[in-house]
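K.L.:
Look at Swiss-Prot and you will find Ile24, Arg25, Gly66, Lys69, Thr70, Thr71, Glu132, Asp133, Tyr134, Arg175, Tyr185, Arg222 tagged as ATP binding site, backed by sequence analysis. Per Swiss-Prot, the feature Mg(2+) binding site maps to Thr70; the stated evidence is sequence analysis. The DNA binding site feature in Swiss-Prot is assigned to Arg295, Arg314, Arg319. The region 'Large ATPase domain (RuvB-L)' annotation in Swiss-Prot covers 4-185. The region 'Small ATPAse domain (RuvB-S)' annotation in Swiss-Prot covers 186-256. According to Swiss-Prot, the region 'Head domain (RuvB-H)' annotation covers 259-336, on the basis of sequence analysis.
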Amino acid sequence: MIEADRLISADIQQPEEEIIDRAIRPKLLAEYVGQPQVREQMEIFIQAAKLRHDALDHLLIFGPPGLGKTTLANIIANEMGVNLRTTSGPVLEKAGDLAAMLTNLEPHDVLFIDEIHRLSPVVEEILYPAMEDYQLDIMIGEGPAARSIKIDLPPFTLVGATTRAGSLTSPLRDRFGIVQRLEFYNVDDLQHIVARSASFMGLEITAEGARQIAMRSRGTPRITNRLLRRVRDFAQVKGNGEIDEDIASKALDMLNVDAAGFDYLDRKLLFAIIDKFMGGPVGLDNLAAAIGEERETIEDVLEPYLIQQGFIQRTPRGRVATNHAYRHFNRIMEAP
């Protein structure tokens, strides 16, 4: 099963979706919905850097996928009035790949590295002096004739994004002056995002219809916008084009997204714990084998929301389905 196949995947799926997402993506902090603590702190840090005519300190953003890490990087570049250069950890295979990007930066530019936890050790070593001293150490030649030269870099801001902050090496993590964690969004903020996106897309939507979509979006704006597009299709074919509570509810039910935002893969995971393993505890490897998924998919994609909403617990002995999960599926939790 590929994560991108899921309707409620937090990954970008189609080029059309990416184009729409870029169009409706907020450009400034004033337009940024949710994450009030992050927004307030970044506003202060950005203003202070601009007053000093300095580059913003290096920033690490972590949290589950789809919560706006790339959006925040774009906003920072816009607020600072500088260019944004974008790449990702897996793309930077050799030290020369990173060196080429660094030497093309203008003063105070933002370099955004997505999936920064996947940088190779060789590339990471190049990054240390670049972050600390704005210098690039390059080896010229090989063997006894090899020598190191230093290239000065303009002051820049590195923005690293990751879903797995614990996978970063300590030396890399310690070089970020600002660390921000993005949390799952509440329903009110997601409803605001639905209404804003619908306005950009020229859709008529009621407050109740927007809330129905928000409630089933797993706290994730990217999923919110994806569900909105699918509900739009349903409203245009089965209704008069307007999205009200009834249309939204029927569309999402047809798409097998339930009231908690679960799809078949979430239910498969929870039913495996409840039925196959008697509610748990069950080890991650056994659980992955039982549902035919990679353990990384469970850890990075499924579990964060289920744990945050109180449907499963991680224990030293494995994963356990909570009373909340049993109630959601109208099951009775047997006494141990």
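For all residues, glycine too, the Cβ spot is worked out from N, Cα and C.
Map the listed features onto the structure and describe their local environment.
P.N.:
Thr70 (ATP binding site) falls within a helical segment according to DSSP. A C-beta separation below 8 Å, combined with a sequence spacing of at least six in one chain, links Thr70 (ATP binding site) to Thr86, Phe112, Asp114, Ala161.
In sequence order, Leu284, Asp285, Ala288 make up the list of same-chain residues 6 or more apart from Arg295 (DNA binding site) whose Cβ falls under 8 Å from its Cβ.
Note on the region 'Large ATPase domain (RuvB-L)' (4-185): its mean pLDDT in the predicted model is 89.
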K.L.:
Round to a whole number and give the Cα-to-Cα distance in Å for the pair Tyr134 (ATP binding site) and Arg314 (DNA binding site).
P.N.:
42
K.L.:
Can you name the residues of this chain that are 6 or more positions from Ile24 (ATP binding site) yet have a C-beta less than 8 Å from its C-beta?
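P.N.:
Spatial neighbours, sequence-distant, of Ile24 (ATP binding site): Arg196, Ser197, Phe200, Met201, Asn225.
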K.L.:
How would DSSP class Ile24 (ATP binding site) in three states?
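P.N.:
Looking at the DSSP assignment, Ile24 (ATP binding site) belongs to a helix.
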K.L.:
Could you state the CA-to-CA distance between Gly66 (ATP binding site) and Arg314 (DNA binding site) to the nearest Å?
P.N.:
23
K.L.:
Output, ordered by sequence, the same-chain residues six or more apart from Arg314 (DNA binding site) with a CB under 8 Å from its CB, or 'none'.
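P.N.:
In sequence order, the residues whose Cβ lies under 8 Å from that of Arg314 (DNA binding site) (at least 6 apart) are Glu303, Ile307.
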K.L.:
Once the chains shown are all counted, how many other Cβ atoms turn up within 10 Å of the Cβ of Gly66 (ATP binding site)?
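P.N.:
Other Cβ atoms within 10 Å of Gly66 (ATP binding site): 27.
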K.L.:
Say we define neighbours as other CB atoms within 10 Å of the CB. Which of the binding-site residues Tyr134, Tyr185 has the fewest?
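P.N.:
With the binding-site residues Tyr134, Tyr185, fewest surrounding Cβ atoms within 10 Å: Tyr134.
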